[in-house]
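Taken from TrEMBL, the feature transmembrane segment applies to 27-49, 61-83, 103-125, 145-169, 197-222, 243-266, 272-295. According to TrEMBL, the domain 'G-protein coupled receptors family 1 profile' annotation covers 42-293.
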Amino acid sequence: MPWSNSSELSPSFILASIPGPEAARCWVAMALCSAYAVAVLGNLAVLLVVRAEPSLHTPMYFFLCMLAALDLALATATVPRVLSFYWFGSREIGFGACLLQMFLIHTLSAVESSVLLAMAVDRYVAICHPLRHAAVLSSGATAKIGLLAVARGVLFFLPLPLLLLPLPFCGSRLLSHSFCLHQDVMNLACANTTPSVVYGLTAILLVMGLDAVLICLSYILILKAVLRLAAWRERLKVFSTCIAHICVVLAFYVPLIGLSVVHRFGKDLAPLVHIIMGNVYILVPAVLNPIIYGVRTKQIQRRILSLIHVTDR
C-alpha cells in the first residue's frame, strides 16, 4: 500500500545505519561523537579568538567566523540525530523533520559556498588591488555580503522541500544516508519527480557550481598577479596568504563532488559507501577548517596557547 504525506498516519523515513555487529556500531558512534566534539570546540575557539584579538578584525577573519558558525550549525543539524539512533536505536525520522533537516543541510551548504567565494574575492582584492581593499571590503560591506549569502541560500533551496511536500511515497522508506538529503528522499517518491530533479540540479549549478567557477577565476587572476612579481621569495610570500583558503575550499568541494558522484553513479555501490560519504561531507569541513586556520594563523595559535596556559594554572 502506498503511503503519503497526506495520510492520517504521520509518514516517516528510516535513516541508514552502518551495517555490522553492535560493537562496531558503538565504535562508529564514538568516532562520530569525537569528530563532532572536535568540530564544536574548534569552531567555537575560532569565534572566540577572532572576537578577542583586535588584529584579526579584518574581512577575511569575519568571513572565517561566518564559516565557523555555518559549520557548527550544519554539524548540529545532523550529527546529534545520527548519534541518537546509534545510541538509542531511534532510526525513524518524521516527514516534516526530514524536510526541515534537508532544507537546513542544503541551505547552510549554499551559504558556506557563498562565503568561500567572498573569501576568494577578499584574497583577490588584497593581492591585486591592495590600496582599494579597505574601501571595497569595509565592515559594512562584509556584513551585507553575509546577509546576501544567507538570503541567496534560502531563496534557492526553500523550493526543494516544497516540491517534495505534495508527493506520495510508497515502497521502501529506507534512506541511503544517516540524514535527509533532497535526492535521497526524492528517489523514494512514487510519482513524477521531474520538476524536483530539474530544479535541484539547477539550484546546485547556479549556487555551488557558479561559486566554484568564480573561485577558480579569482585564483587565476591572483596567480597572474603573483607571477608578475620579480623575486620568487616574494611570490611565495604573497601566495602563502591564500594557502589556508585553498585548503578550506578543497575541504568543502571535494566531499561535495564525491557525494554527488556517489548519488549519480553509485547505485550499485555498497550502502556503507553512501553512509561514509555522507558523514564525510558533513564533518570533514567542520573538523578541518579550524585546524587549517589555526595552523596558518599565528595570532590564533598564540591566543589558543595562552588560553591553554591559563587553564593549566
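Backbone N, Cα and C define each Cβ position, glycine as well.
Predicted automatically and left uncurated, TrEMBL annotations should be read as such.
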Quiz item: Do we see three or more Cβ pairs under 8 Å linking the transmembrane segment (197-222) and the transmembrane segment (272-295), pairs being at least 6 apart in sequence?
Solution: no
Quiz item: Which of 27-49, 103-125, 145-169 shares the most C-beta pairs under 8 angstroms with the transmembrane segment (272-295)?
Solution: 27-49
Quiz item: What else in the chain is close to the transmembrane segment (61-83), if you only count residues 6 or more beyond its ends and a Cβ gap under 8 Å?
Solution: 15, 29, 32-33, 35-36, 39-40, 43-44, 46-47, 50-51, 93, 101, 104-105, 108-109, 111-112, 115-116, 118-119, 122, 139, 142, 145-146, 149, 178-179, 248, 279, 282-283, 285-286, 289-290, 293
Self-check item: Residues from the same chain, set at least six apart from the ends of the transmembrane segment (243-266), whose C-beta lies under 8 A from its own
Solution: 67, 109, 112-113, 116, 119-120, 123, 181, 183-184, 204, 208, 212, 215, 219, 273-274, 277-278, 280-281, 284-285, 288-289, 292-293, 295-297
